[in-house]
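J.: Encoded as structure tokens, here's the structure I'll be asking about.
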Amino acid sequence: MKEVSVPATKRIALVAHDNRKEDLVSWVKAHREILSKHRLFGTGTTGKLISEETGLPVTRFLSGPLGGDQQIGAKIAEGDLDIVVFFWDPLTAQPHDPDVKALLRIAVLYNVPMACNRSTADYMISSPQFTISYEKVLLNFELLCES
């Protein structure tokens with residue numbers, strides 16, 4: 001096991017499927033003041049929508065179906081994202097479902113908190129750890145891969 005420092009200014013990925021985009025924008029608006037103190041990232045359409053609706057700067061990746069979910073997963077693996085808020089639609093099959101599953105897997109693997117609904121996102125953003133630096137524990141993957 002090893003500890004990795006998560007900075008007080010979090011790097012937060014914001015992602016939503018089409019049927020959940022309005023809900024995510026509403027959540028961001030409700031927490032705009034807190035989120036303005038952090039660095040925001042998003043997939044193409046979601047990031048654009050959040051930026052337009054809230055005035056917050058959002059660094060944008062590709063749209064989810066075009067590889068944006070995979071780009072976010074890569075940033076997690078590189079240690080460049082600290083939190084994921086992903087409002088996904090559990091009732092609609094997505095053409096990029098394997099990418100979504102891969103993103104969930106990478107977030108768990110690298111111990112990155114992920115909120116998949118508004119209640120969990122509310123709990124996360126109200127946590128004392130949200131605004132301070134935090135030491136998270138990671139498995140030592142090199143040792144696991146050698147066995």
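Every residue, even glycine, has its Cβ placed from backbone N, Cα and C.
As annotated by Swiss-Prot, domain 'MGS-like' applies to 4-147, with the evidence given as sequence analysis. What Swiss-Prot records for HIS17, LYS21, THR43, GLY44, THR45, THR46, SER63, GLY64, HIS96 is substrate binding site. Positions annotated as active site, proton donor/acceptor by Swiss-Prot: ASP69.
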J.: Using DSSP, what is the helix/strand/coil residue split across the domain 'MGS-like' (4-147)?
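T.: The domain 'MGS-like' (4-147) comes out at 72 helix, 28 strand, 44 coil.
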J.: Given the binding-site residues THR43, SER63, and counting only Cβ atoms in the protein chains shown, which has the most within 10 Å of its Cβ?
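T.: Answer by Cβ density within 10 Å: THR43.
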J.: If one measures from the C-alpha of THR43 (substrate binding site) to the C-alpha of the residue listed as 'active site, proton donor/acceptor', what distance in angstrom results, rounded to a whole number?
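T.: Cα-Cα, rounded: 7 Å.
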J.: Can you name the binding-site residues among HIS17, THR45, SER63 whose CA is within 10 A of the CA of the residue listed as 'active site, proton donor/acceptor'?
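T.: Those close enough are SER63.
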J.: Tell me the Cβ contacts of HIS17 (substrate binding site) under 8 Å, same chain only and six or more apart in sequence, or just say none.
T.: GLY64, PHE87, TRP88, ASP89, THR92, GLN94
J.: Looking only at THR45, ASP69, which of these recorded positions has the biggest number of Cβ atoms within 10 Å around its Cβ?
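T.: Answer returned by the neighbour count: ASP69.
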